[in-house]
Every structure is written in C-alpha cells, then in structure tokens.
Amino acid sequence: MKEFFRLSRKGFTGRDDVDSAQIPDDLWVKCSACRELIYKKQLNDNLKVCPKCGHHMRMSAHEWIGLLDVGSFREMDSNLLPTDPLGFVAADESYATKLAKTQQRTGMTDAVISGVGAISGIRLCIAVADFSFMGASMGSVYGEKMARAAERAAELGIPLLTINTSGGARQQEGVIGLMQMAKITMALTRLAEAGQPHIALLVDPCYGGVTASYPSVADIIIAEPGANIGFAGKRLIEQIMRQKLPAGFQTAEFMLEHGMIDMVVPRSEMRETLARILKHYQQRQAPAAKADLAARRATLPQPIM
C-alpha cells in the first residue's frame, strides 16, 4: 500500500495540467462594486452593466456611439491633433511622450470622438468623451471638437448630444485647457440661438472644469445610475471643510434629488429615452418652423394683379 503513494503521477491530466495558453486571460471580469466575477461575453451583452448588482461600468467612446442607428455615424474633425504648447515635462516623462503612448494604447488621437449620426431616424450631432484617454482631460482638441460639434449642429439645424466623462482640465496645457470651458459654452449659445437643443449625458466619473461648464447648462441633463458627478472630489472637499459629507454625496441620485440634473436613466433604457426626447423636440419645432417660413414669405414682394 505504501508503494501506491510513491507511484508517478505522470499520467494525471487534472485541472492543473491544462495548458494555460488555451484559456484566454480576459474571459472573466470582476465587478468593482460587488466584487463578483462576470463572464465577459455576458457583461458585454448586458451593455457593461453588472448583471448581479447593476453597477454601470465604463464604456469607450466607440461603444457609446453604438447608441446611434446602425451605419448612421460619420466621424468629423478626426484630423485634429493635440500639441504641446508649453513644452510640459513632468518628473517622469514629457507631455509629448505621454500623448504618444496614450495614442498608441487607445488608437485615438485625443479624448473626444465627434460626428453626425441618427437615433430612431432623427439626425443629430454627437460628441463623446473617452476616460481611457488621459482621464478624458479637457485640452485644446477636446474643446475644439466639442465647440465644432455645437456649431455644426446649429448650422445643420439639428440637436446636439454630448456624452461626458472627465477628470477636469488638462493640466499639461495650462490655461489653454481652462479656456475650453468658455469656448464650448460660447459655441452652445449659438446652438441655442438656432433653436436646437443640447442634451448632455453625464457618465462616471464627471468632474472638474467639464462639470463646471457646458454639460451643466444643457437643455436636458441625464446621468447614469451611480455616476459620480462634481467639481472637486469628495475626499478633497472633506479635507478643506473638515467635516463629513452626507452619504451618496456627488452621485447621480444625489444630484437629481437636489435639482442639479433632470433624470437618471439606466443604460438599458438610454437609447429609448433619447429617442423619445428627440421626437418631442422635433414635434415642438415643426409648427415653429412652419410659422417662420410663413413669416419670411410675408416679407417677399407680392405679385401685381
């Protein structure tokens, strides 16, 4: 019997002997909220919302563009490239080097993708921020793409949808990053003058100069459940004020309760909600457009009978 335990286990084909190369590393994803493991395909099929706790995970700009009608998106201003106006160098690397590395890793030129598309057949301009590109920090290209999207929407006479996530202004560009707040907001005034709506969607996280500027003056402000929205972070505020902030502070639900946003919409209902809003605006504008046309016709010279 003792010899049995000395036998070679050479023929054992248990789990430990399975070639690890045959098992992809990204089959499973751990939810950052409930810490449960989720099959990646199941997560993607559920729009990156945890099926166990409902936590909304971050999506890329390209994934958000999936809200649009299939085949309707046409990217604009993809030729805009960021520069290094200050020759900024941090302790470990230069801004130029960091940009190049981030561009190679993400396949994006900067943090925003913009263009023209449609939802339920209704044309609109769209600009989407991607947190994976330097925390979607707002620099010159970010601001220029957002401003051009607003101006294009005004020119075409169609609504603007912005999907916003950010850590704030891009520090490596100094005051140029900060001035994008005013630049985008001014472009949005031209959109308002054209009688077209700006719908802003806030997704986790949305902080700093982005929250403090153009999304907060949108005609309709939507947020995802549990999204963190604010100017400075909760920890920093507590340190400065030296007092504990209320539970749920800076969450989408807290913002809704205090009148800072208009609605909190789960990702599974987002496309349907946006379609309903766009149709509402379209129906409201139709009579106004007819009245405007009649008014312009009235100014034309009348034929002599």
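If you go along the chain as it appears here, the first residue is 1 and each next one adds 1.
Glycine is treated like the rest: Cβ placed from N, Cα and C.
If you check Swiss-Prot, you get these features:
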DOMAIN    27-296  domain 'CoA carboxyltransferase N-terminal'
BINDING   CYS31, CYS34, CYS50, CYS53  Zn(2+) binding site
ZN_FING   31-53  zinc finger
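Shown here: features listed in Swiss-Prot, placed on the structure.
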| residue | record | CB count, 10 Å |
| --- | --- | --- |
| CYS31 | Zn(2+) binding site | 18 |
| CYS34 | Zn(2+) binding site | 12 |
| CYS50 | Zn(2+) binding site | 20 |
| CYS53 | Zn(2+) binding site | 13 |
Environment of CYS31, CYS34, CYS50, CYS53, the listed Zn(2+) site - residues of the same chain whose CB lies within 8 A of the CB centroid:
SER32, ALA33, ARG35, GLU36, ILE38, PRO51, LYS52, GLY54, HIS55
Kindly report the helix/strand/coil residue split of the zinc finger (31-53) according to DSSP, in that order.
6 helix, 4 strand, 13 coil
